[in-house]
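> Have a look at this one before I ask anything.
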Amino acid sequence: MDDYSLDEFRRRWQEELAQAQAPKKRRRPEAAERRARRPEVGSGRGEQASGDPALAQRLLEGAGRPPAARATRAEGQDVASRSRSPLAREGAGGGEQLVDQLIRDLNEMNDVPFFDIQLPYELAINIFQYLDRKELGRCAQVSKTWKVIAEDEVLWYRLCQQEGHLPDSSISDYSCWKLIFQECRAKEHMLRTNWKNRKGAVSELEHVPDTVLCDVHSHDGVVIAGYTSGDVRVWDTRTWDYVAPFLESEDEEDEPGMQPNVSFVRINSSLAVAAYEDGFLNIWDLRTGKYPVHRFEHDARIQALALSQDDATVATASAFDVVMLSPNEEGYWQIAAEFEVPKLVQYLEIVPETRRYPVAVAAAGDLMYLLKAEDSARTLLYAHGPPVTCLDVSANQVAFGVQGLGWVYEGSKILVYSLEAGRRLLKLGNVLRDFTCVNLSDSPPNLMVSGNMDGRVRIHDLRSGNIALSLSAHQLRVSAVQMDDWKIVSGGEEGLVSVWDYRMNQKLWEVYSGHPVQHISFSSHSLITANVPYQTVMRNADLDSFTTHRRHRGLIRAYEFAVDQLAFQSPLPVCRSSCDAMATHYYDLALAFPYNHV
C-alpha cells in the first residue's frame, strides 16, 4: 500500500510540474481532467491529497519513504494554501523553502524573548555575567527587558575588575559603572597612544651636588637613589613634587663627604633600605620619618640585597652568610633566619606572596639555593653546572640564566624551576652569548622576557618552551628589560633606552644617555629610567669643569604619559620653576620663565 502511494504521489507531482511549465491556456482542461480522475483514488488516500505537494517536495529531495502518521487538518490546510500561492508555483520547490524561512524569521521577530517570560531577574544576571562588553551591547538591543539586564551595575562592575580598572574600589563607589568602564577604556586608549607617539612630559630628578650615582630602585612611582657621598634620597613622582627628602643616618658625627658609598638601595610601599660599602644596613619606615628604624652591621661588604615587595622582609648576603630580617609582633626588628653557603652570593631575591614565613632564592656561582625562614632549611635547586648569570622569581617559579659551554658543546640557556616541587620545568634559549637579565615577575602570563650579551631582547613562551620573538635592540649587552601585554622597554650598556611594540615588531622610540641603563620600571602611565656609571670615582667638580662633572655623575629620568604634552618639546626641569624661585649652586641654575604658567 505504501509503495503504491509513493508512486501515485510522484506521478501527481510530475503532472503539476508539467502544468506549471505549460502555456496558461492548456492548464484548464488538464486541471479539469485531473479533477475528474481525483475521485478514482481511494478514500484513504484522499485525506492526504492536500499535503501531497509538500510531501512530494521532501521525497524529491531524498527524504525517502513518507511518514506513516498522517498530517492534521490544520497542517494540511496550511500546506495546501502555500501550494496554491503564486510565489510557490513560480518557485517550484526552492521558492517555497525561501518563503517559509522568511515567514519563520518574521514570527521570531514578533515572539517574546525567552528571558522576558521564563527566567527570574537574578538568574538572568547570573547567565549574563559570562558575557563580555560586546556581547552585552548586543543583548541590550534585543528588548527593553534585556536592555535593563545588560546594563546592570553588577555586570559592569565585574567587567571593570576583570580588565584591571579601579581594582581597589567597591560597587557602591559609583552609580553608573558602565560609564566608568567607558571612561577607563578611553583613558587606556589615550595612554597607549601617548606611549606610541612619545607624547607626555619628561623630567630629570635633581642630583646631589658633587656626588656620583651608585644605585637606583623604584616601586609604584616612588624612586630611591644612593650616592657616593652616602646620601639616600627619595622622590614621589606620582605627585610631581620633586623636592626629595634625604633619609638621614644615625651617625651624626660623620663629616660630610666622609661617609661610605652606598652599595644597594631597595624600596617598597612602606620601607626603604640602603646597604653601604662598610657592611652597614639602614632600614627606614617611610610612614614614620626620615630616620632609620633599624640598623644592622655585617663584618664584610654586603654583596647582595633583597626587599620583599609585599611585606616587611629584608635579605642580605655578606661573605658566606645570608641573613633574613623581619619585625616581630611588637614591631621590633630581628633576625628571622640565617644561612651559610659555601660560595659568595651574587644574586638574591625574596619570593613574593609567601605569607607568614619568608622564602628567598640565592645564587652563588654554580649553586642555586632555596632558603626558607620557617625552619632555616636550605634546599639545593641547581648544582654542578655552568655559573648563574641572572635571576628573577615569581610567586611559584624561579628563572635564571646560565653560561654556555661554547658553540661546540652547549649554548647559554635560561632554566625555569618550580619552587613548590623543586624540579626543573623548562630549558629555554640555547644561544651563543650569555643572558644578562631576565624578567619573570612583571611579564604577562605564560610569557617571559630576557636580555642577552648579543644585544637582543627575546620573548619566551613558557607553554611551548620556544622563543616567540627576538629583537635586535642594542649595540652592546642588554642591562635591563621589562614588558607588558603589548610593549617592551629595554636598556643597554651603551646608554640607550628603547621602546618596542612587540606585536608589530616595531621600535616606537628611543632615548640616549652616556651611562649604562641599570634600572627600568614602568606602569600604564609612567616610566622611570636610571643611567648609573660604572666608575664611581668623583671627577673634578670645580667651576671650570662643570660639564665634565655633569657628564660623569649619572642620570634619573621620570616620564609621565598621562599629560597632553610632547615629551621632547617640553621645557627642561631647570626651566619649570615659578617666577619667584631662582636658586643657584655651582652655576647649576634653576631658571625661571614667566611663560611656563601661562
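Quick reminder: no glycine exception, Cβ is built from N, Cα and C everywhere.
Okay, so Swiss-Prot annotates it like this:
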- MET1: N-acetylmethionine (MOD_RES)
- 17-93: region 'Disordered' (REGION)
- 29-40: compositional bias 'Basic and acidic residues' (COMPBIAS)
- 61-71: compositional bias 'Low complexity' (COMPBIAS)
- SER83: phosphoserine (MOD_RES)
- SER85: phosphoserine (MOD_RES)
- 113-159: domain 'F-box' (DOMAIN)
- 201-250: repeat 'WD 1' (REPEAT)
- 259-299: repeat 'WD 2' (REPEAT)
- 300-340: repeat 'WD 3' (REPEAT)
- 341-383: repeat 'WD 4' (REPEAT)
- 384-429: repeat 'WD 5' (REPEAT)
- 430-475: repeat 'WD 6' (REPEAT)
- 476-513: repeat 'WD 7' (REPEAT)
- 514-561: repeat 'WD 8' (REPEAT)
> Going along the chain, which residues at least six beyond the ends of the repeat 'WD 7' (476-513) come within the CB cut-off of under 8 Å?
192, 195-196, 198, 436-437, 439, 442-444, 447, 449-457, 459, 469, 519-522, 524, 527, 529, 531, 555, 557
> Using a cut-off of under 8 Å between C-beta atoms, tell me which stretch among 201-250, 341-383, 430-475 contacts the repeat 'WD 2' (259-299) the most.
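The stretch I would name here is 201-250.
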> Do any residues, 6 or more residues outside the repeat 'WD 4' (341-383), come within under 8 Å Cβ-to-Cβ of it, and if so which ones?
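Non-local partners: 303-311, 313, 315-317, 319-322, 324, 326, 390-395, 398, 400, 415, 417, 419, 422, 441.
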> Treating G and I as helix alongside H, and B as strand alongside E, what does DSSP give for the repeat 'WD 2' (259-299) in helix, strand and coil?
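DSSP composition of the repeat 'WD 2' (259-299): 0 helix, 24 strand, 17 coil.
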